[in-house]
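Contents: one structure, followed by commentary.
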Amino acid sequence: MSSLLLLTNALQPSTEVLPALGLLLHNVRVAPAEGPALVDTPGADVILVDGRRDLPQIRSLCQLLRSTGLSCPLVLIVTEGGLAAVTADWGIDDVLLDTAGPAEVEARLRLATGRQQLGGDDSPMEIRNGDLSVDEATYSAKLKGRVLDLTFKEFELLKYLAQHPGRVFTRAQLLQEVWGYDYFGGTRTVDVHVRRLRAKLGPEHESLIGTVRNVGYRFVTPEKPEKGEKSDKSEKAERAEKAERAETPGKAAAETNEAAGARSSKV
């Protein structure tokens, strides 16, 4: 029997949110679908989030929960129509239809807790790209070991671009994915945040966020020199240095003989 925490704003009992729970022997506690609810609520084996309504708010809640370093599986409950809105960046471990039967619910809960136990020793998820590292667990980003002082949205924007290196996103796409469906500001917001991000990356690394004219932005992966090319250059430099060293004694001897000849002719 597992300890389940159901986050919901519905005034219905848990068996109305997910009827199959009424046929299973798990211990279910209910709390408001808000981030602070976790502070006043004891830990759980699995957190269930009621996403049958208000998907933009629930998406933000799931991302917030994941950003706090949540150590237990996060399972989203949605209607069949809500499945189309769910993507990987929600930060959830699994998704359940509210009409799922008890056998399916039991299997998914068992798999979610099993994966958590198997992966319990894994380090927090970190995105590495060249000199840049983005730690989703601590919401921090480092460039050559230097911690970047980023706002929440600057971090989210950098993380999203770094997760998809080379892929071009329009301003509208970034606005939807980073700011959310419920944001009603203009795409100019994206330009402002990109400009601030580049300033914080510094002149040497501002090109990590590339502009695709008349389209949008992309994360540019730093190019690494080919091993063969690097070794060829090293060999050429080494040969040139050896030749210069071999030539130097000859030049010195010639200059000495020339000077001696000049003195004897004067005499």
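Even glycines carry a Cβ here, placed using N, Cα and C.
Quick look at what Swiss-Prot lists:
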{"type": "MOD_RES", "residues": "D50", "note": "4-aspartylphosphate"}
{"type": "DNA_BIND", "residues": "124-221", "note": "DNA-binding region"}
{"type": "REGION", "residues": "220-267", "note": "region 'Disordered'"}
{"type": "COMPBIAS", "residues": "221-248", "note": "compositional bias 'Basic and acidic residues'"}
{"type": "COMPBIAS", "residues": "252-267", "note": "compositional bias 'Low complexity'"}
For the DNA-binding region (124-221), the mean pLDDT of the predicted model: 88
Helix, strand and coil residues within the DNA-binding region (124-221) as assigned by DSSP: 38 helix, 24 strand, 36 coil
